[in-house]
Amino acid sequence: SSIESSGSSIMNYGAITEVDEDDMEVSYSGPASHADAVAKAKGGRSKRRRDVSVSEKIFNSMVKSKHRANAELELMQASMIVETTYKKYMDEFLTDSFVLLLSMVFILFFCQVGVETIIPVIMQEYFGYGIFENSLIYMAGGLEALIVFFGVAIASRYVRDTTLQIIGWVLILIAQIWLMFVIPHIEKGNVTHLVYFMLGIMILYLGYPIASVANTCLSSKVLSQETQGLGQGLRRLASYLGLIYGPSWAGSTVTKPYLYLGVPIGVMLVNGIMLILSYRDLRKVENQIKEDSRQRKAKAQDEESDRLLAQDHS
């Protein structure tokens, strides 16, 4: 009877037969009041899970927004740095002084290697000299340039770089004009004309080292520390262009000396006008560097004097 009464109570109040917590599915058999209770429990758990899911989405959205804002800020800062750096480089590279120095170093190497290109042609065609004689000429020119380099190293302590640049430019221009009048009138086997031709080469090798050293020094002075590396790279690029185009131009116009020498002479005259216009700015830069150097030396001497006085008192 007790078993029957228990079974009847179960039949009256019903029982939960299956519960699937993962899928939130509940199987129920029984009266409607118990079904409502189970449905309510199911809805509560689903609501809590939806609340957690929404919170996670909001949190993830906030994290992504923060990362996006940081990335945009970093991108903005990087773009500002690039813009500032670009403006600084352009302000220094597009100055009259630096453009002048680039054009001068180009025409300097253009003229030098151009003359070196036509030396074997002139020597063999008009005087019958071969490899040995040409080698002696190149060796003599290199020795002259080496001596001039040592002389410039000493003279630069007493003479400004702008002055050396003008001296080198004038000597190269004189050599080009001299050769333009000599080469078209060279006669085969005429020793006097050989001397005239060698005199032009000697003047060229005299002016080249002076102009080269002065150009390098002035280029380092007109640029700041931040732009120094790229600026010297551009200067080297200009010199390489002169080394490339000089022989090409000389080889293609060696039979037309007026054209061959007239073009570089014209470029050098334009450089002379630019040098006159930029002379004051170059001098100003030199004066500023000289004054800064003097102040640093005076400061170093004062610090050394103070240190010695402190040692004497101690």
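Cβ coordinates come from backbone N, Cα and C, glycine included.
Copied over from TrEMBL, here are the features:
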- 26-49: region 'Disordered' (REGION)
- 290-314: region 'Disordered' (REGION)
- 98-123: transmembrane segment (TRANSMEM)
- 135-154: transmembrane segment (TRANSMEM)
- 166-183: transmembrane segment (TRANSMEM)
- 195-214: transmembrane segment (TRANSMEM)
- 234-252: transmembrane segment (TRANSMEM)
- 258-279: transmembrane segment (TRANSMEM)
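Residues of the region 'Disordered' (290-314) grouped by DSSP class, helix first, strand second and coil last, total 24 helix, 0 strand, 1 coil. Residues 96-97, 99-100, 103-104, 107, 110-111, 114, 118, 162, 165-166, 169, 172-173, 176-177, 179-180, 183-184, 249-250 of the same chain lie 6+ residues outside the transmembrane segment (258-279) yet bring a C-beta within less than 8 angstroms of a C-beta in it.
With Cβ pairs under 8 Å as the measure, the transmembrane segment (166-183) is packed most heavily against 195-214, out of 98-123, 135-154, 195-214. Against the transmembrane segment (195-214), the recorded stretches 98-123, 135-154, 234-252 differ in Cβ pairs under 8 Å, and the greatest number is found for 135-154. Outside the transmembrane segment (135-154), and at least 6 residues removed from its termini, the chain residues within Cβ reach (under 8 Å) are 116, 119, 123, 164, 198, 201-202, 205-206, 208-210, 213-214. Remote same-chain partners of the transmembrane segment (98-123), defined as residues 6 or more beyond its termini with a Cβ less than 8 Å from a stretch Cβ, comprise 92, 129, 133-134, 137-138, 141, 165, 168-169, 172, 175-176, 179, 183, 186, 197, 200-201, 204, 208, 211-212, 215, 218-219, 222-223, 231, 234-235, 238-243, 245-247, 249-251, 254, 260, 264, 267-268, 270-271, 274-275, 278.
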